[in-house]
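First comes the structure, then the notes that go with it.
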């Protein structure tokens, strides 16, 4: 890989492969728009009529987790910082356990469309509004499409995605995801297999990685300021990802759409296997990257402008004689994007319809609501394309996306945990906790974006350009330093004391901080404002029965019971807030009528 432009370019076949992927996705959307009599109600559109089974849902959860960030960002991350990223395998196991055993039972039992409905049932409608608004900000601002400067492709992706979300609803989202997981695995495996062939055996890749210090699995340094250590990944990562898996609408919406609670739990556990497989693939890709470019790092040699472009660079490099293969890889990165965007679009539509439209316009018929859901899908699709345009102007992808996630996800996770685990938490406490957690998270997060942590905190591993026969004698010295740090190290004396103590916190701890602050403040304020006096309905809390029912194979926990029982209890619950219980009764009776056919 010596000559600067000995790279392959995209051939006709690559475009054909890419177009085929988009076409199949669109076709699935059309099929689900008309299959089984179409999308009659908003419930069908947003929840797949609650009839999905575990396997497709599991694959779908895996797919949307695996965005372009994973396909492009993780291998580059491993190339730069080493394989300690693998510790996330432990994190994912903990996350899935928490989601399946703490959050899922409560959400599934209540049979809700939007997770934020729970906040109204448990606290009050203002908190529901806070949660909804935070979610919409978080999801719409998440940069989705990255690493490729193919404007046509970005727009095509956005359009196709909006198209099948608008036509097919949740079922289309889930089944396109299943197809896209296949493409992603194919893309990853092709790169790994080809790299092993180029390097003449996997032993050599492992050997190079070992000598390059890339196999740094165990680093038990307890310092919370260091970017990735065993503890930051296991503790910080668990909080960050539980915020995404346990309470984030785009994930919850899917596992709640399963037939029975057993299927819902299974979907999460199967999905764990998928997450592990993807982690292994990404790691192998990252190590192959290192092994192939150990003597000539394309990033320091200014061959690529960002670390995220290393994977596409590698693909064009090793597949230059294989027409169609680079197309497969780009298709796999884009399917990552498609699945993430589509789950966001569907989730945003669900939240908007259930939390912002249904409660305030009660006269709307189901048919109308179903049309409105489609309209919202269209609108959010547009927003996502616009965001992608913005994201291409901003860099440093993985970190920024996860930091913003952490900033919002942390306090929201705290809010739900408070509701589900503390019987005495009340609305006031929850609100004050949420605001405090949010403010602190934002403060750290924005501080760390302004004063990026110094290299001794992030510990990037050495890269070398010794083997390059390109004349870059001038900037060899600065090349390996992180561009951000180079900009800021010129103003070294001006780093405030806070910068190296507080702002250097590992980005994975932002979420943890937000969650813990929200829970602690929420508990204290609730106790001060008479939280012990209120009697919270058991069905909004996690009970021992929820855990024990795993072991009894009774099928009695289906939705029929939930829904019919909900109507009667709501009537009998007494009117602490007349408007609120009245709405609830309406919605619940409505649900029974609508779903009479499906159950």
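Yeah, the Cβs are placed from backbone N, Cα and C, and that goes for glycine too.
TrEMBL lists 12-34, 54-72, 78-104, 147-166, 178-197, 228-247, 268-293, 333-357, 378-398, 404-424, 431-451, 507-529 with the feature transmembrane segment.
Counted over residue pairs separated by six or more positions, the transmembrane segment (404-424) shares at least 3 Cβ pairs under 8 angstroms with the transmembrane segment (507-529), which defines the two as touching. Looking at 54-72, 268-293, 333-357, 507-529, the range that has the most CB pairs within less than 8 A of the transmembrane segment (78-104) turns out to be 268-293. For the transmembrane segment (333-357), same-chain residues at least 6 beyond its ends with a Cβ under 8 Å from one of its own Cβ atoms are 18, 21, 25, 42, 46-47, 60, 63-64, 66-72, 113-114, 116-117, 128-129, 132, 135-136, 139-140, 142, 144-148, 153, 157-158, 160-162, 164-165, 169-170, 173, 176-177, 179-181, 183-184, 187, 248-251, 253-254, 311-312, 364, 369, 372-374, 376-377, 380-381, 384. If one looks beyond the transmembrane segment (178-197) by at least 6 residues along the same chain, the residues whose Cβ comes under 8 Å of a Cβ in the stretch are 21, 24-25, 28, 56, 59-60, 62-63, 66, 71, 205, 274, 277-278, 281-282, 284-285, 288, 291-292, 311, 314-315, 318-319, 322, 325, 328-329, 331-333, 335-336, 338-339. Beyond the transmembrane segment (54-72), the same-chain residues lying 6 or more positions past its ends with a Cβ under 8 Å from any Cβ of the stretch are 144-147, 173-175, 177-178, 180-181, 184, 187-188, 244-245, 250-251, 254-255, 257-258, 263-264, 266-271, 274-275, 278, 282, 308-312, 332-337, 339-340, 342-343, 397-398, 401.
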